[in-house]
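Feature list (source: TrEMBL):
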type	residues	note
BINDING	102, 103, 104, 105, 106, 107, 108, 109	ATP binding site
DOMAIN	21-367	domain 'Kinesin motor'
């Protein structure tokens, strides 16, 4: 498998695909020990007679919550991964984004990054699956078959020919305070036209060196203790893998073409109230961080509402998180999955945040994203903008 970059190539031509809804999943974590000691019970749960629906006990609003997936507290990271992650669009040239949303302590980081004790998260499992899939594609090509699937249900090969080789690069960044940091290079990066300019993205040859770089970036992420979490994330983490498929001559016209697509895996920091850091060391700094986190998540909510209502106001600019997600939502578009993590507990302090998470997730089910295949021909890869 090639690991060196094949840039520069050509203006990325967008081959349109049909619009597809944002895939939304709810994942309830188990009750915490403190919740159990306080006498909490699971007031939010999956409806076993309709597994895509969330049942809210003692609900006076009569709201209905139906999603693509609802995972109960007993669900493993492996089950979540197997249910949600599909890498075929990425390999065929379509951007793919998976992100976790929820309040502090809801289980987002466990879902995306695992527990650090052997239970891998979505990030590690997706990296392994990507390289396994690329190896299978290479084997099919060597055997003279299509590189885009096998068997009766396989997709037809793309019109520009079969990829000869793939290369993968990885970058890790965080949105912290008002800026964006390159966690591999250890420096701030500028955002221009919704792109992280100068982001260090080393070429990688396999899952182990990829995950070593990701682990290095994650270790540099801003975290701190709060009243809700001993290692609360103080920044939004974005892991970005860029997949380049080098071209083969097109039989019809002799034009070399390939694809360039991005896999973006996002662990959002959790929204929190001021009491989350009350009385903690560096309370003022923690509360300022919380205010910035809440502000960026509020902006994301506004963007989602605008997209769901198909209004012209989308408010990407001026907020680093939404600028970096612009390409996934309205630029080239992406196959996008949102995992909303939540507590199932019936406690006064947790009930409203869980309802807020469910309402935000429901907005996501109304969003349609028209993702496009990013075809590259003979020159320089085009950039998106916002």
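Residue positions begin at 1 at the first shown residue.
Cβ coordinates come from backbone N, Cα and C, glycine included.
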DSSP three-state call for residue 103 (ATP binding site): helix, strand or coil?
strand
What is the one among the binding-site residues 102, 107 whose Cβ has the most other Cβ atoms less than or equal to 10 Å away?
102
Within the domain 'Kinesin motor' (21-367) only, compute the mean pLDDT.
86
